[in-house]
Each structure stands twice: as C-alpha cells, then as structure tokens.
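Chemist: Structure below; questions to follow.
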Amino acid sequence: MQETTIAILGAGAWGTALANLAAANGHKVKLWSRHGTETLEAVLQDVHIVLSAISMKGVRDVALQVQSCPLSPETIFVTATKGLEPQTTATPTQIWQAAFPNHPVVVLSGPNLSAEIQKSLPAATVVASNITTAAEKVQLIFSAPRFRVYTNPDPLGVELGGTLKNVMAIAAGVCDGLQLGTNAKAALVTRGLTEMVRIGNFLGAKTETFYGLSGLGDLLATCNSPLSRNYQVGYQMAIGQTLTNILANLPGTAEGVNTCQVLMQLAKQQNIYMPITEQVYRLLQGEVTPQQALDELMLRDIKPEFHFNLKISDDGNI
Ligand SMILES: NC(=O)C1=CN([C@@H]2O[C@H](COP(=O)(O)OP(=O)(O)OC[C@H]3O[C@@H](n4cnc5c(N)ncnc54)[C@H](OP(=O)(O)O)[C@@H]3O)[C@@H](O)[C@H]2O)C=CC1
Ligand SMILES: O=C(CO)COP(=O)(O)O
C-alpha cells in the first residue's frame with residue numbers, strides 16, 4: 001500500500017510497539033515524547049495519521065497541544081489509550097473527537113500485551129470508528145503476518161472493553177496472589193464480563209462487542225498474564241505489598257487503578273450494581289484486605305445468574 005506518515009504520541013511501551021508495527025509495514029513513523037528533542041508541531045507536520053498512546057492522565061493536555069498545531073483536514077486520529085477521565089468520565093475518543101470534531105477518530109484496542117508484540121508473537125486487535133473508511137485505512141496500516149486487525153462498527157464498545165477489563169485484571173491478580181484456584185478465576189472472569197456488559201450497556205455500548213477481542217479477548221489476556229501491569233497490582237497486593245510501593249516500582253501505567261475510581265463514582269451516582277469493581281475499589285482505598293474483599297463477594301445474597309435489571313433497588317439488591 002501507499003506510504004503513510006504517522007505521528008505516534010507517547011513513546012511508552014505501547015506507543016513504541018505500535019510505531020514498530022507501522023514502520024515494519026513500510027510507513028514513515030514519527031514518535032513523539034514530551035521529553036524528546038522534536039517539538040510536537042514539527043512531529044505533526046505533513047502527517048496523515050495521529051495516533052495517541054498517551055496514558056489517560058495526559059490525554060486532554062496533549063489533545064489541547066495538538067489543537068494549536070496546523071494539520072491537514074484529512075488527518076485521521078487513532079486512540080490506543082485504555083482509561084476514563086476522572087473529572088468528566090470521558091473516554092479518550094470522546095476527548096479527541098471533541099477537540100477535533102471534523103476529523104475521523106478510530107479506536108485501536110484488543111488483547112495486546114506490548115512485550116509479546118515486540119517479540120513478534122501473533123496477536124489480533126480491533127479498530128473501530130463511526131467512519132468505516134477511516135477504520136479500514138488504519139486496519140491496512142497495521143495489518144501484518146503476525147498482527148491481525150479487525151474492524152468493528154462500535155467504537156464505544158471497543159474502547160470500553162479495553163478500559164473496563166483493567167479493573168477485572170486487578171481482581172484476577174488478587175485471585176492468583178491468594179492462590180484461589182482455577183474455578184475461582186473462571187467465576188471471577190465470567191462475572192467480571194457480566195459487570196463490564198452492564199456498565200457498558202448503560203454507557204451506550206453494544207453487548208456483542210464485549211464478547212469480541214476488545215472485551216472478552218483482552219479480559220482473558222490481562223487476567224491471565226503476569227505481563228499485565230493491572231494484574232501485577234492485584235497480585236502484589238494479595239501477597240502483602242502496599243499499593244504505593246507497587247505503583248512506585250511498576251514498569252509503566254496501570255490504568256485500572258484510576259478507572260476503578262471513576263467507575264465507582266459513576267456506579268454510586270447512577271445506582272449501578274458493580275460488586276467486583278466495588279471490592280477492587282475498597283481494596284485500592286485500603287478499606288478491605290484481599291481476603292475480606294473475597295468474603296464480601298462470596299457472601300452476598302444468592303440470586304439467579306441472569307437478570308435484566310441494571311439498577312440497585314431500594315433495599316440494596318438487584
Ligand atoms: N503496554 C501495553 O501492553 C498496552 C497499553 N495500552 C494502553 O496504552 C496507554 C499507554 O500505555 P503504555 O505505553 O504501556 O504506558 P507507559 O507508561 O509505558 O507510557 C505512557 C506514555 O504516556 C506519556 N504521557 C503520560 N502523561 C503525559 C502527558 N501529560 N503529556 C505527554 N505525555 C504523557 C508518557 O510520557 P513520559 O514517558 O514522558 O512520561 C509515556 O510516553 C495506556 O492507556 C494503556 O492502558 C493499550 C494496549 C497495550
Ligand atoms: O491492555 C493491555 C493488553 O491488552 C495491557 O495491559 P496492562 O495495562 O495491564 O499491562
């Protein structure tokens with residue numbers, strides 16, 4: 001295909017892996033870091049694609065900086081961040097789209113542990129946008145013999161799958177750290193998916209999207225891999241480390257820590273039942289021990305597996 005010039009914002013683990021994938025496909029890649037020597041304006045000159053792999057805490061700030069740089073009206077934005085903004089609960093796509101209302105925005109999300117992709121191990125991902133042609137363009141740019149890229153028409157669902165599973169990955173790390181066994185892990189991941197669908201539906205995402213690569217796929221990857229930073233947070237808390245200590249030594253960002261706070265705020269405001277998220281939140285806040293969080297989950301009222309009520313009733317049950 002024709003060479004495309006791509007600016008990748010954020011030279012962390014994921015930005016670097018994506019830069020390598022695009023460069024290996026013969027595209028011109030300009031990787032920007034706030035600590036680098038090149039200005040953002042210079043990096044953005046004559047680019048066709050702007051891909052953000054900035055961690056959530058920096059997205060709005062970087063989007064504002066990009067706004068002051070000249071860009072072609074054809075430029076496509078791609079976001080690979082998995083998080084929610086605390087003040088607004090906005091997703092990264094919502095931030096980029098509000099900053100650039102006339103440009104297509106594409107979400108890239110899937111079971112993509114960057115260390116495996118850097119080793120060229122096979123992986124698949126999803127690109128999703130309201131503008132199908134933009135998603136297809138990004139699909140072509142990143143598709144490779146060891147990186148299979150699917151399109152999807154539900155960008156919100158794709159984005160939320162990657163974001164919500166980070167909280168479940170913390171819980172899965174706790175499960176493994178406490179050596180609770182395979183049955184417990186299967187129950188946790190399955191009920192975690194139910195919880196992701198519940199909040200995702202409330203926010204406007206489609207149920208079926210959560211059963212795809214960006215939902216179930218990413219849930220399986222991060223809940224089962226010590227490479228996941230979110231999993232590591234849970235695992236290390238379960239073996240007695242403090243959160244402060246874990247985060248100080250973690251290589252890179254564990255978005256689930258902040259995402260969990262945003263979700264709890266939303267769950268309380270909107271009365272949405274999120275028992276696993278609530279226990280992860282209480283654990284991260286130091287309100288319960290890992291063992292107490294487990295007991296709280298196991299000792300809840302018994303109930304049918306499936307129900308269609310999203311809200312907590314007056315007596316606290318659903
Ligand atoms: N690593 C992975 O396997 C995957 C990660 N992701 C997601 O991608 C995002 C980035 O993850 P990852 O690369 O691993 O994280 P890292 O911590 O390795 O990198 C984060 C990047 O964001 C940059 N950044 C943070 N705040 C700002 C700011 N205010 N202004 C400018 N740059 C900023 C950092 O710059 P600096 O170095 O200068 O601080 C760094 O380049 C996360 O949302 C993560 O969930 C998605 C899929 C896979
Ligand atoms: O999102 C990821 C893999 O898809 C990376 O997971 P962590 O952020 O937990 O390392």
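The backbone N, Cα and C atoms fix where each Cβ goes, and this holds for glycine too.
TrEMBL entries are annotated by machine, without manual review.
The structure displayed is predicted, hence computed values, not measured ones.
Pulled these from TrEMBL:
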DOMAIN    6-36  domain 'Glycerol-3-phosphate dehydrogenase NAD-dependent N-terminal'
BINDING   Gly10, Ala11, Gly12, Ala13, Trp14, Gly15, Arg229  NAD(+) binding site
BINDING   Trp14, Arg34, His35, Lys82, Ser114, Arg229, Glu255  NADPH binding site
DOMAIN    37-132  domain 'Glycerol-3-phosphate dehydrogenase NAD-dependent N-terminal'
BINDING   Lys82, Gly110, Lys165, Asp218, Ser228, Arg229, Asn230  sn-glycerol 3-phosphate binding site
BINDING   Lys82, Arg229, Asn230  substrate binding site
DOMAIN    154-294  domain 'Glycerol-3-phosphate dehydrogenase NAD-dependent C-terminal'
ACT_SITE  Lys165  active site, proton acceptor
Chemist: Go ahead and report the DSSP secondary structure tallies for the domain 'Glycerol-3-phosphate dehydrogenase NAD-dependent N-terminal' (37-132): helix first, then strand, then coil.
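Modeler: The domain 'Glycerol-3-phosphate dehydrogenase NAD-dependent N-terminal' (37-132) comes out at 31 helix, 19 strand, 46 coil.
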Chemist: Given the binding-site residues Gly10, Gly12, Ala13, Lys165, Arg229, which one's Cα is the least distant from that of Arg34 (NADPH binding site)?
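Modeler: When the Cα distances are compared, Gly10 comes out closest.
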Chemist: Using a Cβ cut-off under 8 Å, which residues of the same chain at least 6 positions beyond either end of the domain 'Glycerol-3-phosphate dehydrogenase NAD-dependent N-terminal' (6-36) come close to it?
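Modeler: For the domain 'Glycerol-3-phosphate dehydrogenase NAD-dependent N-terminal' (6-36), the sequence-distant neighbours (Cβ-Cβ under 8 Å, at least 6 residues beyond its ends) are 43-44, 47-55, 58, 62, 66, 80, 108, 112, 114-115, 117-118, 141-144, 147, 251-253.
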Chemist: According to DSSP, which kind of secondary structure is Lys165 (sn-glycerol 3-phosphate binding site) found in, if we only use helix, strand and coil?
Modeler: helix
Chemist: Here are the binding-site residues: Ser114, Ser228, Asn230. Which has the lowest count of other Cβ atoms within 10 Å?
Modeler: Ser114
Chemist: Which binding-site residues out of Ala11, Ala13, Arg34, Lys165, Asp218, Asn230 lie by ligand 2, going by a Cβ under 6 Å?
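Modeler: By the Cβ criterion, which requires under 6 Å to ligand 2, the hits are Asp218, Asn230.
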Chemist: Taking only C-alpha atoms and a 10 A limit, tell me which of His35, Ser114, Asp218, Glu255 are near Arg229 (NAD(+) binding site). These are the binding-site residues.
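Modeler: Cα filter at 10 Å returns Glu255.
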Chemist: Look up Gly10 (NAD(+) binding site) in the DSSP assignment and reduce it to helix, strand or coil.
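Modeler: Once the DSSP labels are grouped into three classes, Gly10 (NAD(+) binding site) ends up as coil.
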